[in-house]
């Protein structure tokens, strides 16, 4: 209860979202899976150090849009993306851009907790190792501690860093995945329904974490839970049938949306 | 609460209840029937397995024992080296008349008149002709033995060995028997004096091919099989794993890769003798490699094992959850890093299991080896894979064609050895799978 009211206070302070600069800009983004078109000319911008929630009924293209932001769609053979997406003014689909570097700057957390079947320590150090972020064991230890602390997991696992990451509970696993993403020091973190496999207590912990991460990272989160969008985000975008219906400050979105479809969806009339 | 339920039930009871009973009975009966079929199938399988093992073991266990006759052999200088030339010409020792030493020892031990040629012949027939090489090797290894007398355990001749194991029917008339009454009498004397005894048949594991069963062993064939397994492992594992990784992870999914996949599955089902023909025409006729060489056998078996390994590896790669790939890619790992750091280690138990099963399959393969000339009478150990050699299953095949009674038990004995190898390999596969199985 206390946490909720704090969030409400901060949201009141964030009323003027319009002044926050853009971190990522999506212009006329369309995605095709073979012949099928999944996204129709979406224009959606992500603001810096803001939590942007993507909502909408299943199959509306919100996950597809999220995955275009770090080019995870590249792994699907038939997938084709048109339009332009920039990260700090650099086109991320430019042929000169290395997808490895892009994914180091735009990290991702998935729907189902997917720690590597290795130790907690190795889970966190894998990213820094392949990106050459640490030279010595001491530096790695430092990264592990700070990442796990940022993910609010340090106190729970500091005595068993070398036990398997898959032995943790679901909520702990998801926070380990967040720590793993944070360890690479990305600028943007994408979260694809990060709480859908978690119980309410674990969900509350992850939501609290998202709230804290916002100070250091730009976060885009896909969620099916309207309450979650309202709780964690400052900006909300509503997708429907591959189109962006409306994008607005979260408060406005949930009290007085501009579009009738948003109103209907939030009221539970479809979806 | 109770009242309410019962009143609801009573309203709907009759029609619904009647129908449900019939359905449940039928379903349970079907389930019981199916279980019975399953148990029957397994029992039939177990029965045949038991019959197979019983046949092999009951026929073959005696092959691990061999009758030996221990005689005090007098290494007489008069017979071995009458002109004392061995210092100048050591080759003289190679061609000395060693059987004479055996004859003299037998004559003395059995107290036979040395001039009774027929009787002496009967006595010397009891000792394997391989005694000649046995004594020769002793003398060549240690020339100082000349002039002394030493107890030497000589191999009994195959039929004597069989008779000693009770495998020869003594009710048959003496003229039609391989062992005559005189020899049986001597056997009794020798056994009573402790000179004739059964000992563990180390020769079965160390000797090469021989037309005399007592001097025949699987040592040479086992070495040939070992060379081939080594070649298969060194070639098929890396080629198979690389091919599967490429096909599974990198290759575009189109008609060509579909065609390749269908062909790999077909190749796994191609009769093995076809691989023998392929090896004959490519490796021997075209590339000019030596016949009967373990190298060619290994190459042919590699071709035969590849599809098995590729299919197993691809299945293991497919079984790695996509979430692991997504996690690695999402962290900025390249495709190579994702595969070699995460996917392949997780797939490794499956890969190893497939490889071991492929190897076990190759170890037991006979048909393709017949075509590339590995069905050969090889006495000496092959020094390299290029030398003529044979393989365990081929050795079994050749022994199975021999007429002597003693070869029958050796055939079964060799089958037991081969089966033990296969069981050990398959057990290894199971243990590896257990050991490396991971949860995610």
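Even glycines carry a Cβ here, placed using N, Cα and C.
Fair warning: this is a prediction, and the values are worked out from it, not measured in the lab.
Among the ranges B:226-247, B:336-357, B:358-379, the stretch that TrEMBL annotates as transmembrane segment is B:226-247. In TrEMBL, the transmembrane segment annotation falls on B:36-57 of the listed ranges B:36-57, B:58-79. Of the listed segments B:204-224, B:267-287, TrEMBL assigns transmembrane segment to B:267-287. By number of Cβ pairs under 8 Å, the transmembrane segment (B:36-57) is matched best by B:413-432 from the list B:226-247, B:267-287, B:293-317, B:413-432. Using a Cβ-Cβ cut-off under 8 Å and counting only residues 6 or more beyond its ends in the same chain, the transmembrane segment (B:413-432) has close neighbours at 56-57, 60-64, 204-205, 218, 222, 349, 352-353, 356-357, 359-360, 363-364, 392-393, 395-396, 399. Counting residues 6+ beyond its ends, the transmembrane segment (B:293-317) has Cβ neighbours under 8 Å at 224, 227-232, 235-237, 239-241, 243-245, 247-249, 264-265, 267-268, 272, 275-276, 278-279, 283-284, 343-344, 347-351, 353-355, 357-359, 361-362, 365, 368-369, 372, 374, 382, 385-389, 391 in the same chain.
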